[in-house]
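Trainee: There's a structure below that I have some questions on.
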Amino acid sequence: MFYREAGQFKVSYAADQAVFPIAQDRIAMLALLLIAFLVVPFVASEYVYRAVLIPVVILSLAAIGLNVLMGYCGQVSLGSGAFMAVGAYAAYNFAIRLPFLNPFVCILLGGFVAAGVGIAFGVPSLRIKGFYLACATLAAQFFADWAFLRIKWFTNYTPSGSINAPPLEILGVDLSSPTANYIVCLVFTVVLAIATKNIVRGHIGRQWMAIRDMDIAAEIIGVQPMYAKLTAFAVSSFLIGVAGGLWAFVYLGSWEPAAFSIDRSFQLMFMIIIGGLGSILGSVLGAAFIVLLPIFLNQALPPFGALFGWRISTATVSHFEAMIFGALIIFFLIVEPHGLARLWSVAKEKLRLWPFPH
Amino acid sequence: MTARTRSFNEVLLSVENISLSFGGVKALSDISFDIAKGEIRAIIGPNGAGKSSMLNCINGFYHPQEGAITYKGVRRSQMRPHEAAEQGIARTFQNIALFRGMSTLDNIMTGRNLRMKTGLFWQALHVGPAAREEIEHRQAVEKIIDFLEIQHIRKVPVGQLPYGLQKRVELGRALAAQPELLLLDEPMAGMNIEEKQDMCRFVLDVNDEFGTTICLIEHDMGVVMDISDRVVVLDYGKKIGDGVPDEIKNNQAVIDAYLGVSH
Amino acid sequence: MGFFLEVLIGGLLAGVLYSLVALGFVLIFKASGVFNFAQGAMVLTAALALVRTLDIAQKEWHWPFWLALVAGFLFAAFVMAIIAWASERLVLRKLVNQEGIILFMATIGMTFFIEGLAQTVFGADVYPLNIGLPKEPIFILESVFDGGILVNELDIWAAVIAGLLVAGLALFFQRTRIGRALRAVADDHAAAQSVGIPLNQIWFIVWLVAGLVALAAGAVWGSKLGVQFSLTLLALKALPVLILGGFTSVPGAIIGGLIIGAGEKLAEVFLGPMMGGGIEIWFAYVLALLFLLVRPQGLFGERIIERV
């Protein structure tokens, strides 16, 4: 009814190339952002912040990063947990070795270090493809797990291997409340998401997609595989590294290497498969879905089991969770490889024509 | 339309004594010919004669074991495909090689990637030089879209397009690079008469309007004899004929190759 | 020298066990072009089915050991058949003609599903497994070296089992009608189908055989370490083995396993102390990665020729 684009004429290429060419989409997006920044802080409880909002916001950023590499450039990575870890530990080391730096500056610097490490582990992608590359990124994962556990310099020789983030503040303003945590993460994610969207719709993004769709043809029309792949690795690792820094500094506060294990890599991969490969919006939807589902199951399964006289333990719930994730992955790969994002655009398409079927 | 008789003097590319083999299989042996600036040059021959391998050598995808290629006066034995692209060689493929997940517009825009220079930083901000550049190239691409009459499928993912249109988009992507030398690998294969006529018109127009030198592989003899200035004939990796269409029609070796005289 | 040999032999024997897991990968990859990430989950499931049946049959039904053992293996094989059937029917058939990487991700989904289901049904504790293999450490070559070389008898049995399996598989592939059909499918499944080879049936058989290989691996690893979730990590250890050996080569899986097993133990013992220890976790991967850069198709893999 109200979702109509009739009467909106594009008179310039700039208007035609806008991220949201349809006015209603622009308004909806703006409204969503306003709600996220101005309304949520007044209604969310501490539990909602810690359990839902902050994880979703940070993991969205990491998922966007992985999507750059896997969804846009077609390079499979099972090592995103490692790049989060690099971001987190690099940020930590900047913070303790250069104490005059603001913690958020450290997080950004950590992102750049992650980008460098990403480029190093991306070099094999110039020679190998597909699951060979997946194995190579797995090497990054295991190497990072080991390095942050065993090389004591990274953890500043703390005896337990567990480390604490510096206090969060900007210009003397304390940012340790959940609301402030949330807003800070949201700013990072929104700004970087917009920047990423700009890159993927420009010529670098097109090079990535060309490599993804047909690398040989891309090279023959003049795309340099090395430049395209390594920029994808760099941008992806930067985003994931910043997400890792936020996860460690803002969400966890103190952490151990296990916080960035291979499980995290799989979790991120599930987010973008379910959310939609090659979609920024999909990354966010996928992150929200994957964070919310276990919470839902933990709430819903035990009472449900009680109806039939079963006692469902938390271990069983986690097994159910694994089964449901597994089944969903297969379902989405078979039915809708472009994930929730595609379902959303199909719904919009229907809405445009409603109440007519065609 | 009858064969055109034009004369060319400047050589754009010359192939000297090229030999290429895969393991023990000889794909090309001792091939030499040249392509003059501004002409339409056809490569013909039965299936498996080595025509596609020849194009692959010219644009650097295969590296011949022997011989050299001189392009714009520079002699070389090896180069990478994207280097060939940088020096103005563009091509289309026998089995369409479009980027299936991208729209027609994005595919053709990708053809201009060599001319787009702004770095990651400006791209991320998408203001200033990046935005200006994007619009500038969009205008150039829209001209190609108009020229090929594919305005209606601008935003359609190419994977959903019918075969004939995909071929056209692929030509568009090659043209977007504004090449000096355009290699077309069977641009009319699998098309009906009407589509073939359209494609011939596009090829001739590209040659006339932009002055692009064209080297094409084609099986339809009617088309080849009509549109090309000179023809080179390959059979079993060897060159068996080279000349203007009329000469080729009367060349006994060529007739034998096509009619299948026992070797 | 004696110590070096001891580490080397220990590593080689552990490598045999990696080969066992890698074999399952190779079989499925050869026949269906699927890189089956779920192989580790299949090892876990097979071992769980085996150990639980064995426990219940002995403790609750008071069956004699040999009968319980037979029942355990039969039941585990049955479970593997169900998994083979389900993955062919519900996953592979729906994804036919998709790119390898999509199939790969689908098998990651299968991994989570199978692991979750197996642990829900069979339990998620550590179960000691005894299938009658001796576990005593023994000394060999005492006449050559002072004090001899310490090896675990179980490892030697594992090597024997692996050897028999490989020989059996080689015969199966080369000498039987089904084996020939398998090779045809591996080469070109559309062409195989057009000469009347039933694709779905062949895939089922391959997955079943891979399941049985997983059962053998699960039984041996389970006897060694106890049946527990960490068995799935073995699957990850098999990846570098595959990279070294090539994804399509049965002998490659064996030799790759030996190299990785030996390399990793030697590195841990001789390089590890210099680097803070625990390098076993990543050494195999880095070794494989370096190897990839030199020879992308693996030791025995087929050379890849790219075409346009």
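Positions of Cβ are set from backbone N, Cα and C atoms, glycine also.
Look at TrEMBL and you will find C:6-27, C:63-88, C:100-122, C:156-173, C:202-221, C:241-262, C:269-294 tagged as transmembrane segment.
Quick one: how deep are these features, and who are their neighbours?
Mentor: Sequence-distant contacts of the transmembrane segment (C:6-27) (same chain, six or more residues past either end, CB-CB distance under 8 Å): 35-36, 39-40, 42-43, 149-152, 155-156, 158-159, 161-162, 165-166, 169, 206, 209-211, 213-214, 216-217, 220-221, 224, 234-235, 237-238, 241-242, 245, 247-250, 252-254, 256-266, 269-270.
Proximity of distant same-chain residues to the transmembrane segment (C:63-88), defined by a Cβ-Cβ separation under 8 Å and at least 6 residues beyond the stretch ends, is recorded for 38, 42, 45-47, 49-51, 53-54, 57, 110, 114, 131-132, 200, 203-204, 207-208, 210-212, 214-215, 218-219.
With a cut-off of 8 Å between Cβ atoms, the residues of this chain six or more beyond the transmembrane segment (C:100-122) that come close are 33-38, 40-42, 44-45, 48-49, 52, 83, 87, 91-92, 229, 232, 235.
Nonlocal intrachain contacts for the transmembrane segment (C:241-262), taken as residues 6+ away from its ends with a CB within less than 8 angstroms of a stretch CB, comprise 8, 11-23, 25-27, 29-30, 35, 162, 166, 169-170, 173, 186, 284, 287-289, 291-292, 297-302.
Below 8 angstroms of C-beta separation, residues 7, 237, 239-241, 243-244, 259-260, 263 of the same chain, each at least six residues beyond the ends of the transmembrane segment (C:269-294), sit close to that stretch.
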